[in-house]
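Annotated features in Swiss-Prot:
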type     : residues     : note
BINDING  : Asp7, Asp140 : Mg(2+) 1 binding site
ACT_SITE : Asp7         : active site
BINDING  : Glu67        : Mg(2+) 2 binding site
ACT_SITE : Glu67        : active site
ACT_SITE : Asp140       : active site
Amino acid sequence: MVILGIDPGTAICGYGLIEVQGNRLSALAYGAVRTPAHTSQASRLQTIFTDLEAIIATYRPTHVAVEELFFNRNVTTALTVGQARGVILLAAARAGLSVHEYKPSQVKQAVVGYGRAEKQQVQQMVRVLLALEEIPKPDDVADALAVAICCAHSLTWGVACR
């Protein structure tokens, strides 16, 4: 099973692909879709959509896991991230993929064992669980891998991400 985890964003959209073989998780590929600040929102969304379609075509994941929108005080940021989530969900739907959505607290619970874990704790566990030499950067990439790990725990071992 191959899971594509995504941490939505318009400037940086992190992605991480993991493979699940029995009890073993391994990172296949990870990175970030970056969009220039000076471009229109429509252009940024098109870049995210096009790049994710290419990633899906290349790695052929069986599932897509997306972090749910965490509403913050900046409504404008929440709206633009919501738009990014929309094109991400569209890319997954066009490929006929099963989409799983998780709250940040669910991801932290699945990866660290504590739903209010610090970002550094999550990043360190991503490195350990996937046997990576270094913590993936930028943070959005480690977050995307964490979402994929949460999905793997949920689908493979029936662990409810609470």
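Numbering starts at 1 and runs along the chain as it is shown here.
Even glycines carry a Cβ here, placed using N, Cα and C.
Of all Cβ atoms in the protein chains displayed, 26 besides its own lie within 10 Å of the Cβ of the residue listed as 'Mg(2+) 2 binding site'. The local packing around Asp7 (Mg(2+) 1 binding site), expressed as other Cβ atoms within 10 Å of its Cβ over all shown chains, amounts to 29. Neighbour count (other Cβ atoms within 10 Å of the Cβ, all protein chains): 24 for Asp140 (Mg(2+) 1 binding site).
In the three-state DSSP assignment, the secondary structure recorded for Asp140 (Mg(2+) 1 binding site) is helix.
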